[in-house]
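Worksheet: one structure, shown below.
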Amino acid sequence: MKWIPDLGINYVLRLDGLSLLFVLLITGIGTLVTLYSIFYLSKKKEQLHYFYAYLAIFMTAMLGLVLSDNMMVLYLFWEMTSISSFLLIGYWHKRERSRYGAKKALYITVFGGLMMLGGMAILSNLAGSFSIQTVIARAAAFSDSPYFILAMIFIMLGAFTKSAQFPFHIWLPDAMEAPTPISAYLHSATMVKAGLYLIARMTPVFAPTHQSWSVTIMIVGLVTLFWGAFNALKQVDLKAILAYSTISQLGLIMSLLGLGSNALREANGFYVAALAAALLHLFNHATFKGALFMVVGIIDHETGTRDIRRLGGLMNVMPLAATLAFVGTFAMAGIPPFNGFISKEMFLESFVHLSSIDAPTLSTLSYIFLFVAWIASVITFVYSMILFFRPFTGKQKPWLQPKRATHTPLGMAFSPLVLIVLVIVSGLFPNLFANRLITPAIHSVKTTLNPSYELHLALWHGFTPALWLTIAIIAVGTVLAVTYLKWKPAIQKRYRHTFAWNDVYNRGNYYFEKLSYRSMTTVMNGNLRFYLIILFMTFILMTLVGVLTTDSLDFSMIKLTKIDVLDVLIFIATAIVLLAIMLSKARLTSVILLGALGYLIAIMFMVARAPDIALTQLVVETISVILYLLAFRFLPQIGKDEEKITPFSWRLWISLGVGFVMFMVVFSSFNTTFFDSVLSPYFIENAYTLGGGKNVVNVTLVDFRGFDTFFESAVLTIAAICIYSLVRLRLNKGDKQHEE
Amino acid sequence: MELLMSLLIGLMFTAGVYLILSKNVLRIIIGTAIVSHGANLTLLTIGGIKRGNAPILLDGLTLFNDPIPQALILTAIVIGFAVTALFLVVAYRAYQENGTDMVNRTRGNDDDDD
């Protein structure tokens, strides 16, 4: 559809395997979330029309994002998701935390969005088209360009901020202030995957020529994976655990995408397998994380708290919710027979393979990668177990639960139930989904893949190294989870006051505000003299720089006219008068000296053979002096509060500078005549014949250039009106009397 | 002559700026008046001085001074006068309202008085 065809920005939709996977996730989970929210939100207390409007905007934006082929349109939808997410996080806008979280999410994602816009602008400039497909097709031609790297960094920044990658993950835990359906939808299943989508979409552009693309994404993903998992251990709020686990899982997918993007450069089967693992886990994560959020919402809704220290023994009261949580957490931990197991196996396998082959640059790092991935998986297992066993088993704590009759409402349980069924079915029959959804998605990321390629997934695939790693994960994880209460306080205590990225954000905000306030109050300090000094300094510097760099000074004495004795006398007199004005302390002296200066200038005009201005100058100067004297009656003595004139103050230096610059400019400018005046001879020749007057100046004023004179009279009139109204109008007189 | 005039203009700007940078409103107004005198002289000087007769077409004269700068200066003098008059009245009114004629004491808000 045409939108701005002149700029090549059109609304182009393109549906391929990758888009289809996302579209199904967005619409499917969107429907379930909508259903869930009907039962979750109160019809009486909440302003539901806003909620569903924002949700619909978000869904539209998200669909537009994954479907559009035009980069500018993609960016448009990208920012639409940011904005609707901002609105949804701040849905309970009367809470301070909600507003904080919403603002934080907006700042970070919009920062990334703008970076991405920059990257896309570069790409479209290089490729000469806004179409992603065209960029992919032409990418190899301009991959040597230095801007290409820049575009790569920008696009990565966009994706990392949106997908809450390290260190931009800090907004996601604070976005948990949103209503739970929103957290389930936006912050686990869809919006945070927009960054993954972007990476997957842009992989054919960058990966074939630049290994740094793969390596950076892989490292960032692994760091996020570990950091998110580690932080999830410290949390006590169920939603916070889920938030950090989302960060961690997104990191996992990101690292797999990075590893898999090697497939576009090197023909090696296991890179493709890594891609498959990424896309499969993307799908799996959306299912079980959405379900888990909804279950937490049910617990919150029914007990009134999400704090794991206050919950316990819910298994007997909420058996359905417990079942759902069981499947969800075990899928997240990567335990058979649920779908998380398969993708986690593939994840481990990919990194085992990476360490076993001779990858040119990664050979030494790959063992570290594998180790980090394994540790993170252990931690994932631990917090998944905590997530299930803490609220659902143990002793019931009735005194802490406001509602006695806790049960699982069926309407709310329906949506997570559907998702959990998906988790089980896609775990038991992985090929059912894989070859319909995942394989086409792989094909659209790795465009050069053999069209007949098909995925073969199975729960059981023999004793591979990955299986042993999984067994080790379960073993170590179980030990850790059982002894959880013993070491958790230590961790919490040890790492509570250590460096946190939130501090960076908060302090950065604080210092930015402080800095801007400081600089504003320093520069705009309300002191007129300060502004004037800056103004004059700028004048001096700009003129000096301009004059000196362009070599336009001309001090030749050729054109000078001769100097009379009279001139010298006038000069000396004026100089004395000026000096006296500067030094005078009494106001009367100053004004009389100013009058003297005016008359001297009138004499100068006479000497310069300009009788009309001499006349005007005399008259105006007389009236001015009278005006000054009139004003004196109402003004206080001058110099009462005036600082002493110190001979070498900054004031003097600035004024000397201005004077010197003016001298320089004036003296060299009449020397540099670019062309002789055409107008003056014309005026002189035609003053009598055309204007009918012999005084050329007067003819110029009223005839040749009468408009100037007209508006000059207007200026006089306006000044007169202003003076009149200033003297007569006293609007705030009443207030003054009132104050007194 | 032009050298002399340029020096004079420089001197005038020095004095004018010096006065403008003072704290007293009246001195500032005097400073602006001096600067406007300086500007007028600048116009005259750049146009060229004493190169011919006054631009009045009398019989027998051929070489005239440039009439255009003179017309411009005439306009400038009148506008400068209007502005000076307005300034004075504003200063007078400001003194009436604020009770001071020191610019550093008249700020937007009364709190941050130094």
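Numbers here mean position along the shown chain, with the first residue as 1.
The backbone N, Cα and C atoms fix where each Cβ goes, and this holds for glycine too.
Copied over from TrEMBL, here are the features:
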- A:5-51: domain 'NADH-Ubiquinone oxidoreductase (complex I) chain 5 N-terminal' (DOMAIN)
- A:20-41: transmembrane segment (TRANSMEM)
- A:48-67: transmembrane segment (TRANSMEM)
- A:68-362: domain 'NADH:quinone oxidoreductase/Mrp antiporter transmembrane' (DOMAIN)
- A:105-127: transmembrane segment (TRANSMEM)
- A:184-200: transmembrane segment (TRANSMEM)
- A:212-230: transmembrane segment (TRANSMEM)
- A:242-264: transmembrane segment (TRANSMEM)
- A:311-335: transmembrane segment (TRANSMEM)
- A:410-429: transmembrane segment (TRANSMEM)
- A:466-487: transmembrane segment (TRANSMEM)
- A:568-584: transmembrane segment (TRANSMEM)
- A:574-637: domain 'MrpA C-terminal/MbhD' (DOMAIN)
- A:591-608: transmembrane segment (TRANSMEM)
- A:614-636: transmembrane segment (TRANSMEM)
- A:653-728: domain 'MrpA C-terminal/MbhE' (DOMAIN)
Best-packed against the domain 'NADH-Ubiquinone oxidoreductase (complex I) chain 5 N-terminal' (A:5-51), counting Cβ pairs under 8 Å over A:68-362, A:574-637, A:653-728, is stretch A:68-362
Other same-chain positions with a Cβ less than 8 Å from the transmembrane segment (A:184-200) and lying at least 6 residues past its termini are 18, 22, 25-26, 29-30, 33, 36, 55, 58, 62, 65-66, 78, 81, 85, 88, 112, 116, 155-156, 158-165, 172, 175-176, 178, 217, 242-243, 246, 250, 253-254, 257-258, 278-279, 282, 285-286, 289-290, 292-294, 297, 441, 445
Checked against DSSP, the composition of the domain 'NADH-Ubiquinone oxidoreductase (complex I) chain 5 N-terminal' (A:5-51) is 31 helix, 3 strand, 13 coil
Taking DSSP H, G, I as helix and E, B as strand, the domain 'MrpA C-terminal/MbhE' (A:653-728) contains 62 helix, 1 strand, 13 coil
DSSP tally for the domain 'MrpA C-terminal/MbhD' (A:574-637), helix/strand/coil in that order, comes to 53 helix, 0 strand, 11 coil
Averaged over the domain 'NADH-Ubiquinone oxidoreductase (complex I) chain 5 N-terminal' (A:5-51), the pLDDT of the predicted model comes to 85
